[in-house]
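> Sharing a structure here in structure tokens format.
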Amino acid sequence: MDIFAAIGVLSPFPFYYYLWKWPQSWVDFCGKGRDPSKIMAYVAHFLKLIQFISLFSVSSFHWPPPFYFWPLFAFGQFLNFRVYQLLGEPGTYYGVRFGKTIPWVTEFPFGVISDPQYVGSIMSLVACISWVPFQYILLWILGYVFMIRVESKEDPSTRAKPLN
């Protein structure tokens, strides 16, 4: 296993863990008048780019993809899009942890699939298994499983207070 690719694949998870456990420090770091969810989204997109570059560095592409690629990838991306559509940026990027009010959503996939954003991402990763060595896919999935466990234990008393 290429250690640099493995580190790249795991790079976002310490950041997400830190933000989930200590949201007030992130709100304070972002400063007054700045949206911590938006700043988190910028950092998360940069870390996602590092993840993709890491995967591409160890991948070997061929065409056409296997038969299972399209349904897994399409449904996984649909779930991710739907979560973003229903919750918006604040709901997707820990807005509730940063003191924002996020509306309760019961439309599909919520109420049907637990953690649909992670399920969708895992489905998309599994779709790419013919191109990417298994250990990198597994490492990324383990990062998602770790975050599912971390986010399942939310203590409302640790939520950040907005700086306004």
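Any Cβ shown, glycine's included, is placed from N, Cα and C.
Per TrEMBL, S-adenosyl-L-methionine binding site is recorded for Ala74, Phe75, Gly76, Glu154, Asp155. Annotation comment: TrEMBL describes 153-164 as topological domain 'Cytoplasmic'. For 42-63, 118-146, the entry in TrEMBL reads transmembrane segment.
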> Using a 10 Å radius around each Cβ and counting other Cβ atoms from all shown chains, which of the binding-site residues Glu154, Asp155 yields the largest count?
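Per the Cβ count within 10 Å, the most buried is Glu154.
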> Grab the pLDDT values for the topological domain 'Cytoplasmic' (153-164) and give me their mean, rounded.
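Taking every residue in the topological domain 'Cytoplasmic' (153-164) and averaging pLDDT yields 81.
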> Once near-sequence residues are set aside, which residues in the chain of Phe75 (S-adenosyl-L-methionine binding site), 6 or more away, have Cβ atoms under 8 Å from its Cβ?
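Long-range Cβ contacts: Gly120, Met123.
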> Which residue counts does DSSP yield for the topological domain 'Cytoplasmic' (153-164) in the helix, strand and coil classes, in that order?
3 helix, 0 strand, 9 coil
> For Ala74, Gly76, listed as binding-site residues, tell me which one has the smallest number of other Cβ atoms within 10 Å.
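It is Ala74 that, of the binding-site residues Ala74, Gly76, has the fewest other Cβ atoms within 10 Å.
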> In the same chain, who gets a Cβ under 8 Å from the topological domain 'Cytoplasmic' (153-164) while lying at least 6 residues past its ends?
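Residues 21-24, 26-28, 31-33, 36, 96-100.
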